[in-house]
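Annotation comment: TrEMBL describes 192-202 as compositional bias 'Basic and acidic residues'. For 209-221, the entry in TrEMBL reads compositional bias 'Acidic residues'. Taken from TrEMBL, the feature region 'Disordered' applies to 188-227. The transmembrane segment annotation in TrEMBL covers 56-76, 88-110, 131-152, 158-178, 287-305, 366-386, 392-415, 494-513.
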Amino acid sequence: MDTDVVLFRPAYAPQLGSQLRITHAQLNIIGGAGNVGGSISAPVVGRIVDSRGTRILFACAFLFLLGGYSGIRYIYDKGIPGDATSLSMFSFSLLILFGFMTGAGNHCGITSALNTIAKTFPDRMRASASGLVLSGLGLSAFLFSTISHAFFAGDTSSFLLLLAFGTALPMILGFFLVRPIPLPPNEEEIPLDTRHPEDDSSRTPLLEDSGDNVSGDDEENGTGNDDNIPLFMTELLTFHLSTGQEDGDRNFTVTPSRVRGSSHTLATSSDLFPNVYGRRLWTSGDFWLLFTLLSLLSGTGLMYINNVGSMSQALYGYKNPQYNPIRASQWQATQVSTISVMNCAGRVFIGVISDWGKNRFGVPRSYSLMLVSFLFFISQLATLFIDDIKNLWIASTLLGFAYGSLWPLFVTVCLEWFGMPHFSENWGYLSMSPMVSGNLFSIIFGRNFDAHEGVQMEDIPSPSASLKLIRDSDSTTSADLRCFQGLECYVDTIYLTIGVTLLSILLSVWAGWRDKRRIRDGEADPAKFLVT
């Protein structure tokens, strides 16, 4: 039901910069406003959906998306006065505001979808379900880009109008149709009573009545003691949960069918979750590890996606005396479509592979963080060595796949590590991580690109004829060809992201090791597992 505004930006950003005579650094500030809009609104949006449901968020998403894209289109159509040399500060500020609105609207829709998925599907299917639903985010850019080039080729204003209504109207459908479907009783996650066992009231049943209780009724019904939760284990769990140890007091949620049995089941149960939120979340080492890892990887992805249009134009224009802005726009659209399709594939892939690994082999989903980090690293290596526009699709394929794999995996790991009751709020805080890195990397790219503008115009044969062709072909793209050095226009930024992705690989190994140690300790002492 939602759309990924990040993937749309490279489809119109270069034309927006040309029409309004703004630099690449300013373009990245506008694009970064969308990232900030999603990040800043995330905790508030998460708390609303946890307490009030999804309808209010779908209504907000409709208003923000419609207003944001319509506002960008209005300023684009208005342009700048003929006697002005640059966009006024007021108009530039409005562009930032409208970009902020698109990001906030996008996050309202995403959070509503994720909350519904988390409450509708059991743990063994959550990663796959989240990946399948979120794959629509990746595919949306391909869909809109295809429609635009089929019916509005070269018409950026019409494309922005299409985005305004095409992204906002589905939110109305979500408002009326999207609802969480409660799990069957045998799949529901029931919270353990966390009162101290010495309290008289703690002798009441610890599990809600769902056909699985710890009374003697099961013996009379012939179910046998082996299928019940031993009383001493219940008392032990209650004691540890009520007193709290080491990393803080954590309340946990247990599915009755999963708590029964051996200590290994208790330690590795897929339906055994903590309930970490608020101050305990902010003081948790696990939270800051995930926050840093998501920040580095998403920042790398956002930098590439926000600027792939400029990258493709730089490579296409390098030593090309027959520069054609229409053909350059087609190469630009090719990168957007490639990233979009592979983004969709990555979201499906990581959900299926992480669920399969956990359910079949008992491999924690956190291990998949290493795979995603490695994919990002390979994508940046490919970008470093590609100096021909005809091969840029390789880097776009790898980056799109990695970026698509990133989000469903972190959603599921967040749920596993911090629990369901405050999932949307916790995910909102975690979603703030791209706010700094995404904007920082993109601005660095923009400044690096701007520093190479027009330095080697003489390297292009017949430059006056080439520039004349651009002016005559389309006045809105007359300034598109700003850097004439190809890969050199942005290669310094790629060195930065290669280092960042190498660091991410090391952090993901650490995250997997911490998770494995927690599970190993839990197998030796189930109660210790519950509080570490």
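Each residue's number is its place along the chain shown, starting with 1.
The backbone N, Cα and C atoms fix where each Cβ goes, and this holds for glycine too.
Of the candidate ranges 56-76, 88-110, 131-152, 287-305, 392-415, 56-76 has the most C-beta pairs within less than 8 angstroms of the transmembrane segment (158-178). Listed stretches 56-76, 366-386, 392-415, 494-513 were compared with the transmembrane segment (287-305); the greatest number of C-beta pairs under 8 angstroms is found for 494-513. In terms of C-beta pairs under 8 Å, the stretch of 88-110, 366-386, 494-513 lying closest in packing to the transmembrane segment (56-76) is 88-110.
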